[in-house]
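This report refers to the structure that appears directly beneath it.
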Amino acid sequence: MEKMGLNQVREAYLKFFESKGHLRLPSFSVVPKNDKSLLLINAGMAPLKPYFTGLQTPPRKRVTTCQKCIRTGDIENVGKTSRHATFFEMMGNFSFGDYFKNEVIPWAWEFTTEVLKLPKEKLYVTIYLDDDEAYDIWTSKTDVDPKHIFRLGKEDNFWEHGVGPCGPCSEIHFYKDNGEIKSAEEFIEKSDADRAVEFWNLVFTQFDKDEDGNYNRLEFPNIDTGMGLERMATIMQGVETIFEVDTIKSILDKVAALANTKYGEDELKDVSLRIITDHVRSVSVMISDEVLPSNEGRGYVLRRLLRRAARHGKLLGIKGTFLYKIVDSVIENSGEAYPELKEKKDYIKKVISIEEERFAETIDSGMEILKEYIEDLEKNNKKVLSGEKVFKLYDTYGFPLELTEEILEEKGITVDMDSFNKEMKEQRERARAARSESTYMGTDVKILDTIPSEIETTFDGYENLELQSKVKVIIKDDAFADCINKGEKGIIVTDRTPFYAEMGGQIGDKGTISADGFMAKVQDCKNNIGGKIVHFVEVTEGSIKLEDEVLLEVDRKRRENIGKNHSATHLLHAALRKVVGEHVHQSGSYVDEDKLRFDFTHFESLTHEELKKVEDLVNDTIESVWDVVTKEMTIEEAKNSGAMALFDEKYGDKVRVVKMGDFSTELCGGTHISNVGKIGLFKIVSESGIAAGTRRIEAVTGHKALEFIEHKSDLLRQIASMLKCSEKDIINRLNQQNAELKDKDKEISALKSKLASGSEDDILKNIKEVKGVKLAVAALKDVDGEALRNLGDKIKNKIESGVVVLGSEVEGKVQFIAMASKDVVSKGVHCGTIVREIAKIAGGGGGGRPDMAQAGGRLPEKLNDAINEVENIMENLVK
């Protein structure tokens, strides 16, 4: 392996795929076009979505790009770690209904091992659990070590987003350490520790997922790949972090020179150097793509990056404006790849300079005031700065809250967010536009974690489903409030609650909070980071204020159904250990009022017999009508009692043990029914693999189980009615019908062959010659598959030397076949080329050998145009 610069890697990649027939497209702007779902382009395929969805026709079916991307979701970590960045480049090769796995996998291996010359013994491949096709191609068309291929589940190797196109993926990884990874479990460990580094993801978009969750095969599958350029450069240069990569290090060295310091000597200074280096790359690209600083949307992202970088310049002791001086270094390293940087060099510098000057006018005076605030707090031995003072900095001096928090954090000081949010209602929209944290009913999740620690909330809902309590906290519109009124959504925190907060895989309770003239629906219940129980509410009547007494009532029926499913999960766990083996352990679960999901360790799918045994064992236990007994004890006492605990869960001094007869004993903080008999019925709905060594069972209980069985019974009745037989005779009747259908298929095939033979004489009468080579062509109707091939064979045998090209419209689509005698193949004829070119005209694709090939198309109206083009293609092929 030879060292390669970042720019060399990019060029090598794009050139390689150009040599494979790809059109090299320049990077799209980081500003999305006609895509309101994105603030900024954050992935290589994002600008190509219209081509993948069919809304637009791509300029070529094979495309390769290196795309500029901006991601700010982890902005707080940028600089503090050596791998986070807001700007990165994503290389990709894409196929829009052209090639597929057979081509892209060998190409990926060829580029990795022959162009980049990465040592094969350092390379590891992951594929989707059930993707045998990918495994066969990896092992037959490349020389990858089969022991270096690991199968993983959906979470790692299957790409889908709701309904629509989706598919499995295959990733290539570089192992940094010596030795060999011997198992999927070890591989996951090494990957999590950044020792096995994923550098290329090949996504095989071969399914269309419908609203019912069915995966339907796409007629023309797509390829979407992504290789992070900076990450690949770290591998090629043998460095650990992106900030050591040649082009990025060059920019960092420029920043260090301006700060009169050296990278690697002081970690605090290194953080600032990394932040400035990354942020200047981002802002240069954003400005070159016409983003300007503002107080909303992507303009606010730009402003925040600029001001964060400027502030870290101050920390490094850099005097005056300086960010614009680094732009030359950015352009020097990236200008060839992105000429817009060169073209707009002066413009970029000017925008940065103006924004930096504006901030400089406020930051010096703001810093002086903040310094006074900090000194005053330290003098009085206090650790909380009032929200009023923080708001004054923000409102009067343009000091972003994030910047104030960051500076205070370095001094161990926090902000009184309660009073700050009261002062800042009118500024909420600005903050929301820039934040990436998810929201619930208009409430910023981040604010939940600022509930004062002295506010205590107690869960009293194991025995009580309703109780009186006092309102201690109200949050609405991203701020703490004194009251909440009819029509408003928000959060209510009380000192006691019967509502179970989502935890341990169990969904949160729903219900109501009420008082005289007041009613609110509790739509969810969660814990904040500090363990406070918060109720997400929508007020339907009246209003409530802090310290008011309220009645909290849990939806009893829903809680009972959740309890049935949770208790059934414990029984399922115990049954699996008895039927499958003691190696079975829970690796995840989800319980709501309708169903349960249980993930467990096991290395193969369960047989029908095993599933039946598990289901029967759970139902036998339900019939035993054991009480569900709960008891608090120490963790040691619990373990001595035989209780199962989850190794990755954290437990306190006292734990809650849930026991169901002699069948199941587990540590659990969730809610359950009082007796296993109340579960009623347990029914397994599905069993599947989600990762190597991890299986998933989904099941239903009680009335939902009855509904499931009734639905299956209804289906059987409908099928029996359609087949005109009794339910017990369905299988025999289906076997009989299959046999009859096979006989009919043979008859139809024979008739089609006869029909096709009727065209034989006409085709032979109209044989043409192209440069001395006989050419038999025809456009037919309703001649498909075997009949079309048989007709082609007959004509080829009769003309002895020459080419036969036939096209036929069948059920709204087009089929093509081409055949050639060996002597004309030696003259340059290639059937694969012929069908590929004519299939394009009919909106399809295909290929094959020089002497025989077939293809398909979806535009029957173009059949004659396609067949008429054969003569021209032959003119170019025949030597």
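Just so it is clear, glycine is given a Cβ too, placed from its N, Cα and C backbone atoms.
Since this is a predicted model, take the numbers as computed values, not measurements.
Now, the feature entries from Swiss-Prot:
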BINDING   His566, His570, Cys668, His672  Zn(2+) binding site
So for His672 (Zn(2+) binding site), how many other CB atoms are inside 10 Å of its CB?
-> 25
Cβ-based neighbourhood (8 Å from the centroid) of the Zn(2+) site, residues His566, His570, Cys668, His672 excluded | Gly563, Ser567, Thr569, Val628, Val658, Glu666, Gly670, Thr671
Residues with Cβ closer than 8 Å to the Cβ of Cys668 (Zn(2+) binding site), same chain and 6+ apart in sequence?
-> Gly504, His566, His570, Arg656, Val657, Val658
Let me know the DSSP-derived helix, strand or coil state of His566 (Zn(2+) binding site), please.
-> helix
Within 10 A of the CB of His566 (Zn(2+) binding site), the number of other CB atoms across every chain shown is 26
If you count Cβ atoms within 10 Å of the Cβ of His570 (Zn(2+) binding site), leaving out that atom itself, what do you get?
-> 27
